[in-house]
């Protein structure tokens, strides 16, 4: 199966290349802001905005003008893609205006900041991979680390400034992704949480994945770095050093979290054919002020994103259970619904109908697994002990409608 895959490599540009990267970032930002202002002004004057084709023609004239001739000194693809990004921002805004759901705001002017990027296209072999280096338009050969992992047909490269002195390139390639062999286990239910990041069950056994809490464990260092930055004079050399140190700590947290999530999602995809998860809405869940930091630290949204694209790559199936499905409240053995379990403080409970004692998270994982199988058209009549149970009756039992969404 042909898929697009991004390979991230660290760049080590020399002084001249660093200056050119920064100039390219600034030029791309200038083009975006200039034509955003032009489109706004044109709409106010005539009631009609400018099209992408019109702005592209104006960009050519802008590069030829004496006062902005410096635009022709940087990568032309970076400027053209900046126009495309502006066009995409407009389309996303107008699309969500007409549709219900989460809204996208009107395009905003871009500020000079640390985490900027530009995208360049592959054409006529202008991007090449060498031993310990990467050739990019205008920059030439740049020293790299990690380029040996790049494979497939190169489509484009995004050059990103993480913080001062730290640059990365994301190389998007078209690669052949082979299907994995049949998984050793059939289906899993995954219940995510805060104390344990995930409880995974195959219907009989449970595996608790501990939550590493990378942000909370680094909070002391972060606060110290933030205090140091607040005491520095903005624009000074010491301010720049303090800002870079703070950015490095944040980057390390992100890298550790990504590594943990990649290892967990890869192991799930390799081990199970069907994976049932909750259809989480982290943005809504973060409205709870007491849990917001812990939810953000866990990275549930990124976990689901990785799980879905890896399942699609390798021929597995992800079944997302509705957020309204009461996975924690239902007794997995008899289907009785206990509303008292809505209280998050209840970690274990005994079913008043059948007398079975449940661990809150393990019971939820079992119910999610069962619902995932129902969505896949497979009935599950095994309880946690491997014994057969009859389908739940109406009333307090499991409802008959499907609560899951399949992602293939």
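Every residue gets a Cβ built from N, Cα and C, even glycine.
A quick note: this is a predicted structure, and the numbers were derived from the prediction, not measured.
Taken straight from Swiss-Prot:
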{"type": "ACT_SITE", "residues": "191", "note": "active site"}
{"type": "ACT_SITE", "residues": "278", "note": "active site"}
{"type": "ACT_SITE", "residues": "361", "note": "active site"}
{"type": "BINDING", "residues": "331, 334, 351, 354", "note": "Zn(2+) binding site"}
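Structure coloured by features recorded in Swiss-Prot.
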residue : record              : Cβ neighbours (10 Å)
191     : active site         : 26
278     : active site         : 22
331     : Zn(2+) binding site : 27
334     : Zn(2+) binding site : 19
351     : Zn(2+) binding site : 19
354     : Zn(2+) binding site : 13
361     : active site         : 22
Other residues with Cβ within 8 Å of the Cβ centroid of 331, 334, 351, 354 at the Zn(2+) site?
332, 333, 335, 336, 352, 353, 355, 356
Expressed to the nearest Å, what is the distance separating residue 351 (Zn(2+) binding site) and residue 191 (active site) at their Cα atoms?
20
Looking only at C-alpha atoms, tell me how far residue 334 (Zn(2+) binding site) is from residue 361 (active site), rounded to the nearest Å.
17
Where residue 361 (active site) and residue 354 (Zn(2+) binding site) are concerned, what is their Cα separation in Å, rounded?
19
Can you give me the Cα-Cα distance between residue 191 (active site) and residue 331 (Zn(2+) binding site) in Å, rounded to a whole number?
15
Rounded to a whole number, how many Å is the Cα of residue 331 (Zn(2+) binding site) away from the Cα of residue 278 (active site)?
17
Residue 278 (active site) to residue 354 (Zn(2+) binding site) - Cα separation in whole Å:
26
Tell me the coarse DSSP state (helix, strand, coil) of residue 361 (active site).
helix
According to DSSP, residue 354 (Zn(2+) binding site) sits in coil
Translate the DSSP assignment of residue 331 (Zn(2+) binding site) into the three-state scheme.
coil
